[in-house]
Amino acid sequence: MGSDRGRSAMALALALVLLLVGVGVNAQNCGCASGLCCSKYGFCGTTSDYCGKDCQSGPCSNSGGGGGSPSTSGGNVGNIISKSLFDGLASGAESSCEAKGFYTYDTFIAAANAYSGFGTTGSDDVQKRELAAFFANVMHETGGLCSINEKDPKQIYCNSSYTAWAV
């Protein structure tokens, strides 16, 4: 990983951690109080007019929202990780990266929702910490969403002659 790209990836991961772990999080686009949805016109509320189609942030009832206060009884990771936040992380990958365009918001949400409880259990803070830790690790392991495949996969990581840990 190049030093500039590495610093950019780590800065993005740190920004994600700070954004997700902050106390008293407000809706990202409108300044709505926690627990309220931001409508496509920038108004705050809790009815389907605010939380339905084209909801920008908060506990949206569609998959397009993000940043609000998700239910502690489970829910959608998309209520915490907005498309704009994800796209901001992915935009750090240089155009020459093999993974440019490979990692998308929709595939992330589909994969996250395939694992029951991932980023959707516990308090709001616990959910945000879990997702922040996940993205910090992903950003590190992929070089800022730049790699798909492991670099130098032929490298031997284990000493097969040391059998103390063999099964």
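Glycine residues also receive a Cβ, built from the backbone N, Cα and C atoms like all the rest.
Remember, TrEMBL labels are computer predictions, not curated facts.
Residues or ranges marked as disulfide bond in TrEMBL: Cys32-Cys44 (among others). A 10 Å cutoff on Cβ-Cβ distances gives Cys32 (disulfide bond) a total of 25 other Cβ atoms nearby, all chains included. Following the DSSP three-state reduction, the secondary structure of Cys32 (disulfide bond) is coil.
All protein chains considered, the CB of Cys51 (disulfide bond) has 20 other CB atoms within 10 Å. Among the features that TrEMBL reports, disulfide bond is placed at Cys37-Cys51 (among others).
A mean pLDDT of 77 is what the model gives for the domain 'Chitin-binding type-1' (27-62). Sequence annotations record features per position, and here TrEMBL assigns domain 'Chitin-binding type-1' to 27-62.
According to TrEMBL, the signal peptide annotation covers 1-27.
In this structure, the C-alpha atom of Cys51 (disulfide bond) lies 12 angstrom from that of Cys32 (disulfide bond). For the recorded site, Cys37 (disulfide bond), the DSSP three-state label reads strand.
Packing around Cys44 (disulfide bond) is summarised by its Cβ count: 18 other Cβ atoms lie within 10 angstroms of its Cβ, all protein chains included.
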